[in-house]
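Summarising the annotation, Swiss-Prot assigns S-adenosyl-L-methionine binding site to 126, 155, 156. For 201-225, the entry in Swiss-Prot reads region 'Disordered'.
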């Protein structure tokens, strides 16, 4: 598949960045079969099947074992990541927040699987082909949202605030935002713009959850690219070519946590390494992807000035 990033590129769930959303759903499907204590996503496997990539379907449904393709660490990280964001949303909405925004929602099914409080509105933003596919597929499965689900079919590089408002979003009300697994697929300046816009659209007492990846030390990114290329080679041997190293943006960028803190967000966080330990999962070993130092951060906006 063609996957090199360029300005204005688009995708579906079988190509480019969209394929990474499908691969993440594969990991959630495998994790759900292995350990419903941390994650229970009954829609992951059916959504992957509907995308139509045979290898990913067989992995998601258990017809092919993950050994050698989906490493155990990816499955374990899928478990703790899902749990972190699930708990974030439920805690936020149980405080009275009734607006939820999921940026780059991909195959996320939280609008269908979480026990949202009555009156919660969940806004999902993603490329038009992605949100149309998920809406159509889940409707065909007979799935019913557990919240008032609204979609904004828009590229996050375009005027997504206008699309969000058109769907009914009210920036005067507190909101719970997530940018899950998104920021590494944005250029550094686009990441800043996204976080600035989230802040501008956030009333006091809004909440946010995302990831903070430390800036690389010399040699870190070369090792990361080599590791991603090794992973892609394993997939190519099975006639699936995600070309993962070419989908991300590299180089230094503003780290998420201090950037948001400077804009009035009070944040806490926990590293992937500590989350794995907290849930009794095996530690990371050869961490060429630098996952262990990624911190999942969440917090509240209490200030109205930058």
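Backbone N, Cα and C define each Cβ position, glycine as well.
When DSSP labels each residue, the region 'Disordered' (201-225) comes out as 6 helix, 6 strand, 13 coil, counted as helix, strand and coil in that order. Looking only at the binding-site residues 126, 155, the densest Cβ neighbourhood within 10 Å occurs at 126. Across the residues annotated as binding S-adenosyl-L-methionine (126, 155, 156), the widest Cα-Cα separation comes to 7 Å.
Residues 84-85, 88-89, 92, 97, 161, 164, 169, 171-184, 245, 250-253, 255-257, 260, 265, 269, 288-290, 293-304 of the same chain lie 6+ residues outside the region 'Disordered' (201-225) yet bring a C-beta within less than 8 angstroms of a C-beta in it. Sequence-distant neighbours of residue 156 (S-adenosyl-L-methionine binding site) (same chain, 6+ residues apart, CB-CB distance under 8 A): 103, 104, 125, 182, 186, 190, 194. A strand conformation is recorded for residue 126 (S-adenosyl-L-methionine binding site) in the three-state DSSP classification.
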